[in-house]
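One structure is given below, encoded as structure tokens.
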């Protein structure tokens, strides 16, 4: 018994921050950003009283409405995020309380940009084991809350957003979440993409704030190089393990980190541009939100049909990366 995605949903804040907006506060320009990343604009959740749990709750409510079920029917809520409202309680618990899912338990999963891919496969295990009937998996980040808008190497890349799915047992054999390969490399990845402040190693202090340690820090060249190799490798591995070809794959759904990384992954798979889901130009990198937002948009546009073969791939801080093969129910 495999787990199948039965519902998708997304939430993007209304406010748009364009490249032209960034030109006013950073030493950069639209052409430079677009050429190197493919990003034209991103969404920002400006309200200081609204955080990641707000976006997750909006997604959760949409999922329930679309599926036509009550919150009481949800057994488990997994939230993938690296920008929780607070260290504890978990964002998943906040969402559970907000939608009053009284029969659900939940937890947060921290795998940065790979979070949703990790969460999807994790959630699928609870369906396959028979311990849960309905699992909600949400990927969300309020990246604007941890961005240094004086640092053009990171400020141009990220936006705010959330997406999610409901997992249930597949109706037929051969459909649903059929395979996954997940990886980590904490030896080589830990120093290249991180937010050093706020944890038990560097708890908040005047010094950590003054040194901008509560913002994302990254070595862009190292991360780019690692991401290109890892995403392409895991995509190729998923294809080989499941006898998939460029012709039989209907959609590559990649993490929206950088247009060049996405193109390199598609090229390695031999997949044409028409089969690659990309919305990075409109939303930037919403980290854990990218893949589920892409799924929701494909679903909304009627591009997912019974039997559609999807390969989901992602890469994030850690390093973490992975791929999931889904055959749409």
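Cβ coordinates are placed from backbone N, Cα and C, and glycine is handled just like the others.
Taking all protein chains in view, 31 other C-beta atoms sit within 10 angstroms of the C-beta of residue 113 (active site). Taken from Swiss-Prot, the feature active site applies to 113 (among others), supported by sequence analysis.
Annotation note: residue 255 (active site) sits in a coil segment as assigned by DSSP. According to Swiss-Prot, the active site annotation covers 255 (among others).
Proximity of distant same-chain residues to the region 'ACP-binding' (256-260), defined by a Cβ-Cβ separation under 8 Å and at least 6 residues beyond the stretch ends, is recorded for 36-39, 113, 157, 224, 227-228, 278-281, 283-286, 290, 294, 315. The region 'ACP-binding' feature in Swiss-Prot is assigned to 256-260.
For the recorded site, residue 285 (active site), the DSSP three-state label reads strand. Residues annotated as active site in Swiss-Prot, with sequence analysis given as evidence: 285 (among others).
A Cα-Cα distance of 8 Å separates residue 285 (active site) from residue 255 (active site). Taking the Cβ of residue 255 (active site) as reference, residues of its chain lying under 8 Å away and at least six apart in sequence are, in sequence order, 113, 114, 117, 231, 285, 290, 291, 313, 314, 315, 316. Across the region 'ACP-binding' (256-260), the prediction's mean pLDDT works out to 97.
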